[in-house]
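Q: This is the structure I have questions about; it appears just below.
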Amino acid sequence: MMCSLKQSYVIGTNGVVSQRRNPFVQLPVLSSISMPKIPNLSAISVAKPLHIASVESLGSLEIGPKRRSLVVKAYDADRSEGEGVVEKAEAARKVKIGFYFATWWFLNVIFNIYNKKVLNAFPFPWLTSTLSLAAGSLIMLISWATKVAEAPNTDVEFWKSLFPVALAHTIGHVAATVSMSKVAVSFTHIIKSGEPAFSVLVSRFILGETFPLPVYLSLVPIIGGCGLAALTELNFNMTGFMGAMISNLAFVFRNIFSKRGMKGKSVSGMNYYACLSLLSLLILTPFAIAVEGPQLWAVGWQKAITEIGPHFIWWVAAQSIFYHLYNQVSYMSLDEISPLTFSIGNTMKRISVIVSSIIIFRTPVQPVNALGAAIAVLGTFLYSQAKQ
């Protein structure tokens, strides 16, 4: 089949459509294909400048019902897809936080076991606390120097904002270690389970946060359970008790100030705690020397080596390293959660520490002690539900 195109139309600058004869062109076309029809130009005026005489002749611009249905379905599909992405991201975030919490609790249990072993053989909590901070600082300095971890970009303002956090961290760390040196591990952590109460009060009066009534009511069993356990403790010691209480208050301030200091900062949670350890070490070292001193340390160290043997050195190294690791993971989780949620996770962590320490150190526990701990745990659960 042959197709010929003999003429074409040209629209001039004066708006007149003129006819121009083209050379005869022949194109071979398969017989199975038909050429499209040339559209009718009746809608175009040739007497005046080019304009559209009839909209209907070019088709309606309105969206028909079928087209509208397709648009709505496409919108719904996009919205559903967006919601699915958000749900997956939230689920991944929850899994990440859960992993942080599990690792944090496990490392903390190991630290508390070795820490108590060291304090039983070497009752110098100020030096023990200093060694824990020194080990963490050394680990991070080596990591930064070897490029294993990226060094933080800090300025003078960062260190100024970090100072109150480091001061609270130092007080809380030493107070907890003093408590551990005087009483059983389980007792220290039962008392420290009351941290949510301190967290709510400090958050209310420092941060100006308000909470619903169920949150406040859920603190009653936490405080009551801790009090019952303290009153029935067989090896009660006032220094140990006060150390745990001071540690509670100091760590709540540390967590809140940390959350404030991390806002708007490019420093990650891991590097933030590393800087915190360095500054706390500088704060603690002169006080440790003044309170205990190298002479007492030398005598106590020699005695521990004689009684325990070379294993004692491993105990000191293990408690120092695991202290840094569990705190590092906790600060990584603090990137994702609020101070109150952090306190709840900290309280739940104590349950694993209490149970494991009772089993390993064979701590005698009266039924009333167990009841008090159970009430405190129940209060923690109620608190988490009230928060949600």
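Any Cβ shown, glycine's included, is placed from N, Cα and C.
I grabbed these lines from TrEMBL:
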type: DOMAIN; residues: 96-384; note: domain 'Sugar phosphate transporter'
type: TRANSMEM; residues: 97-114; note: transmembrane segment
type: TRANSMEM; residues: 126-145; note: transmembrane segment
type: TRANSMEM; residues: 238-257; note: transmembrane segment
type: TRANSMEM; residues: 269-291; note: transmembrane segment
type: TRANSMEM; residues: 311-327; note: transmembrane segment
type: TRANSMEM; residues: 367-384; note: transmembrane segment
Q: For the transmembrane segment (97-114), which recorded stretch in the set 126-145, 238-257, 269-291, 311-327 gives the largest number of Cβ pairs separated by under 8 Å?
A: 311-327
Q: Let me spell it out: take the transmembrane segment (126-145), skip the flanking residues so only those 6+ beyond its ends count, and list any with a Cβ under 8 Å from a Cβ in it.
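A: Long-range Cβ neighbours of the transmembrane segment (126-145): 115, 118-119, 151, 173-174, 177, 181, 271, 273-274, 277-278, 280-281, 284-285, 287-288, 291-292, 297, 316-317, 319-321, 323-324, 327-328.
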Q: Using a Cβ cut-off of under 8 Å, list the residues of the same chain at least 6 residues beyond the transmembrane segment (269-291) that approach it.
A: 126-127, 129-130, 133-134, 136-137, 140, 149-152, 154, 158-159, 162-163, 165-167, 169-170, 173-174, 258, 261-262, 324, 327-328, 330-335
